[in-house]
Amino acid sequence: FHKRCWGRVGLKRRRKPDGAEMMAAWILLSCAWGQGMRAEDFAMEELATEKEAEESHRQDSFNMLTFILLLTLTILTIWLFKHRRVRFLHETGLAMIYGLLVGVILRYGIPANSYHNKTPASCSLREGPTSTLLLNVSGKFFEYTLKGEINSREIHNVEQNDMLRKVTFDPEVFFNILLPPIIFHAGYSLKKRHFFRNLGSIITYAFLGTAVSCFVIGNLMYGVVKLMQAVGQLTGKFYYTDCLFFGAIISATDPVTVLAIFNELHADGDLYALLFGESVMNDAVAIVLSSSIVAYQPAGANTHQFDASAFFKSVGVFLGIFSGSFVMGAATGVVTFTKLHCFPLLETALFFLMSWSTFLLAEACGFTGVVAVLFCGITQAHYTYNNLSEESTKRTKQLFEVLHFLAENFIFSYMGLALFTFQNHIFSPIFIIGAFIAIFIGRALNIYPLSFLLNLGRRHKIKGNFQHMMMFAGLRGAMAFALAIRDTATYARQMMFTTTLLIVFFTVWVFGGGTTPMLSWLHIRLENQSDGPQAEGQSKTKQESAWLFRLWYTFDHNYLKPILTHSGPPLTSTLPSYCGPLASCLTTPRAYENHEQLRDPDSDLIRGDADLTFTFGDTAITANGASAPSSVFSSLSFPTHVWQS
């Protein structure tokens, strides 16, 4: 009865499900289980991605810590060497040694744990590998970025390759971050007295000498390449333009070790100016020359034959890039004015950013940032520096000096590291030995013939021991390395980079370490050993300043400085009387206040302030800005001396 009632009034008895219902239920359960597994897979992927990102962050922090410890160790060793008066090894050589030691540890001291034991998939491409690869994997799109080529012998050491690749910086880091403070500091801290006194000689060595060195080295290395091809030592393509490119980048001298010792020992000012000026200017020439060689593209099927039109086009590219970079650097230096005297911190920050932006602006416009930032530094030291507050002048000098020191030592430390961490070195003994011989011959044909020609027009001759010292001081450094590492994609460029690295090591250690004995052996006078060096140098400077600079100084002192700075004579006393309204408009009240107080530091570069006299109407103006009736100077005549560069 109960069963009968329950069956009637209660729930109906559940019937046995059929096959279709069981299939639908199974599908629903499978979907739910699949969604759960998929969510779990997504969570595992996110966890793995976060773990990989954290591990990458730790590796990057370790790499940066390594370089900071290298710089710290270098600074401590420099202090020890200066305390002990050790001069056989410069700070850059120390940085390279420490970099070598760390490179050996990273290369051979850390075991390579491989997780890639399978043979990689192979494919053939008609064109070169692309920088970005998109893959469709089960409906999901993944983007892969090309990291670089892996040596076939180390294809299974992917983890170690990735670690070594992380300590290998992007070449653009050197050009956009490390080089600008080095080049700017060279121009901003320029000692103008001896530099402008030897301006003609410096330009000759920098432009003509660098071109001679480039073509001599390029042609000699082309002969070496042909020799390698004859003996079966050349396994890749190496064209004549590649040899010229190598000649251009290796012609960039960087005698930082020699100049540091010169500065410490107070060596002859003219010799210091010649070496410093040549190294600064020829860095700029070398980078523009290398860009011109790269731009050499003959018409026709064979792009590596000589073509006159392509050659003259490259010459035009050289002149256009250099002149454009010069104008841009000088213009940005002139317009870099700050009116934030009450806020020295903001003034210094603005000055720093505008100076650095000069380099980036030139590169963005297709010019050369090295040339632009060099002349920007020279221009700012001449004009903008006088408009800064007293505190900002100290801050800017110290800021760029520290940045220059850290960037330079960082680059030399990285050079030592790159000898073992760079994965595409090509060591060719014939090419390396030929390169050493070629740079020696190129340097000799640069210094000695040009010195002979310059001495024909110089009253203060470049003595033989000076020429030998300049020959000895042709070290290669940061600029040659930066130009070589910028492009290492081809067989020829990889061989150039390896050879450049070895040349930098040898010249810095051997020639840099032998500077002090060479000074003694060549009997080069040290200014602290002479009687009255300052007076002697000043008298020589006055008697032999370059005629071109003398004309420029007159125009600059009387017109440009009063407009761009608050120093120099007021324009109301230098411009003709009919320009009175314009002169009054352009002359600031501070110019009248500083007129009697400020003395132009460049005035001792010529014979004397009173030796330059100009008459406008009834008023005669001397170079120091003083004015007097013209009758006072009627009995004086302009001094007639032989002026030369």
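Any Cβ shown, glycine's included, is placed from N, Cα and C.
According to TrEMBL, the protein has these features:
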TRANSMEM  63-81  transmembrane segment
DOMAIN    74-521  domain 'Cation/H+ exchanger transmembrane'
TRANSMEM  93-110  transmembrane segment
TRANSMEM  202-224  transmembrane segment
TRANSMEM  244-262  transmembrane segment
TRANSMEM  315-337  transmembrane segment
TRANSMEM  349-378  transmembrane segment
TRANSMEM  399-420  transmembrane segment
TRANSMEM  426-445  transmembrane segment
TRANSMEM  466-485  transmembrane segment
TRANSMEM  491-512  transmembrane segment
Discussion item. Applying the under-8 angstroms CB criterion, which one of 63-81, 93-110, 349-378, 399-420, 466-485 scores highest with the transmembrane segment (244-262)?
Written reply: 466-485
Worksheet, complete the sentence: Contact count check, CB pairs under 8 angstroms to the transmembrane segment (399-420), set 63-81, 93-110, 426-445, 466-485; argmax is 93-110
Worksheet, complete the sentence: Sequence-distant contacts of the transmembrane segment (93-110), meaning Cβ under 8 Å and at least 6 residues beyond its ends, amount to 66, 70-71, 73-74, 77-78, 81, 160, 163-164, 167, 257, 409-410, 412-421, 504-505, 508-509, 512-513
